[in-house]
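Novice: Look at Swiss-Prot and you will find Phe24, Ala58, Leu59, Glu60, Ala82, Val83, Ile84, Asn115 tagged as 5-amino-6-(D-ribitylamino)uracil binding site, backed by sequence analysis. The feature (2S)-2-hydroxy-3-oxobutyl phosphate binding site is assigned by Swiss-Prot to Glu87, Thr88, Arg129. Summarising the annotation, Swiss-Prot assigns active site, proton donor to His90.
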Amino acid sequence: MEIGQYQPNLEGDGLRIGIVQSRFNEPVCNGLADACVEELERLGVSGEDVLLVSVPGALEIPLALQKLAESGQFDALIALGAVIRGETYHFELVSNESGAGITRIGLDFNLPIANAVLTTENDEQAVARMTEKGRDAARVAVEMANLTMALDQLGDDEEEDEDDEEERA
């Protein structure tokens, strides 16, 4: 049996991408952002189609993402941050709440969000992961923006088929 299959599309030309970057653990977050922006450019996203905003910490990321999503100007969003374990429960709170908020915004607004908020045990782990995670966030944003647009067209095609059937009746 042959089945239809969507092939991943990493062509970024014409896509509008919003990035929200935490300033807490700034060296790591700057490394994430540098790698992400470099990869977006490699994928064909124009610098004029990227907006980067910064927020104090990971817990503020969801609100900024929500504001960008509400604008309707973006094909995908990216969350960048670093939560590094300390000696208190705060690590779990920030990790869980920021992640849940990021996911909720994407689902509420039907908008892809690449979550590149690192959660690590120490600074060394964060530094070791920042470059590849930044690049990965760019690839996820571009691929998911293209996928959601392609899937949205499926709905448009079904509406056209229904309109054709009504015209024939």
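Glycine is no exception: its Cβ is also placed from the backbone N, Cα and C atoms.
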Novice: Output, ordered by sequence, the same-chain residues six or more apart from Val83 (5-amino-6-(D-ribitylamino)uracil binding site) with a CB under 8 Å from its CB, or 'none'.
Specialist: Asn25, Ala58, Phe91, Val94, Ser95, Ser98, Val117, Leu118, Thr119, Thr120
Novice: At a 10 A cut-off on CB-CB distances, which of the recorded positions His90, Arg129 has the highest count?
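Specialist: When each Cβ's neighbours within 10 Å are tallied, Arg129 tops the list.
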Novice: Within the chain of Phe24 (5-amino-6-(D-ribitylamino)uracil binding site), which residues six or more apart in sequence place their C-beta under 8 angstroms from its C-beta?
Specialist: Pro56, Gly57, Ala58, Gly81, Ala82
Novice: Nearest by CA distance to Thr88 ((2S)-2-hydroxy-3-oxobutyl phosphate binding site): which of the binding-site residues is it, out of Leu59, Glu60, Asn115?
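Specialist: With Cα distances computed to Thr88 ((2S)-2-hydroxy-3-oxobutyl phosphate binding site), the winner among Leu59, Glu60, Asn115 is Leu59.
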Novice: Can you name the residues of this chain that are 6 or more positions from Glu60 (5-amino-6-(D-ribitylamino)uracil binding site) yet have a C-beta less than 8 Å from its C-beta?
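Specialist: Set apart from Glu60 (5-amino-6-(D-ribitylamino)uracil binding site) by at least 6 residues yet with Cβ under 8 Å, we have Ser22.
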Novice: Return only the integer: C-alpha distance in Å from Glu87 ((2S)-2-hydroxy-3-oxobutyl phosphate binding site) to Leu59 (5-amino-6-(D-ribitylamino)uracil binding site).
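Specialist: Spelling it out, the Cα of Glu87 ((2S)-2-hydroxy-3-oxobutyl phosphate binding site) and the Cα of Leu59 (5-amino-6-(D-ribitylamino)uracil binding site) are 18 Å apart.
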Novice: So, in DSSP terms, is Phe24 (5-amino-6-(D-ribitylamino)uracil binding site) helix, strand, or coil?
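Specialist: Going by the DSSP assignment, Phe24 (5-amino-6-(D-ribitylamino)uracil binding site) belongs to neither helix nor strand, so it counts as coil.
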Novice: What residue among the binding-site residues Thr88, Asn115 has the most other CB atoms lying within 10 A of its CB?
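Specialist: Highest number of other Cβ atoms within 10 Å: Asn115.
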Novice: Return only the integer: C-alpha distance in Å from Leu59 (5-amino-6-(D-ribitylamino)uracil binding site) to His90 (active site, proton donor).
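Specialist: Pair distance, Cα basis, whole Å: 11 Å.
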Novice: Taking the Cα atoms as reference points, how far is Asn115 (5-amino-6-(D-ribitylamino)uracil binding site) from Arg129 ((2S)-2-hydroxy-3-oxobutyl phosphate binding site) in Å?
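Specialist: The Cα atom of Asn115 (5-amino-6-(D-ribitylamino)uracil binding site) is 14 Å away from the Cα atom of Arg129 ((2S)-2-hydroxy-3-oxobutyl phosphate binding site).
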Novice: Can you tell which of Ala58, Ile84, Glu87 has the most other C-beta atoms within 10 Å, given these are the binding-site residues?
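Specialist: Highest number of other Cβ atoms within 10 Å: Ala58.
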Novice: Measuring Cα to Cα, tell me the gap between Ile84 (5-amino-6-(D-ribitylamino)uracil binding site) and the residue listed as 'active site, proton donor' in whole angstrom.
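Specialist: That comes out at 10 Å between the alpha carbons.
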Novice: C-alpha of the residue listed as 'active site, proton donor' to C-alpha of Arg129 ((2S)-2-hydroxy-3-oxobutyl phosphate binding site): distance in Å?
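Specialist: Given the Cα positions, the residue listed as 'active site, proton donor' is 21 Å from Arg129 ((2S)-2-hydroxy-3-oxobutyl phosphate binding site).
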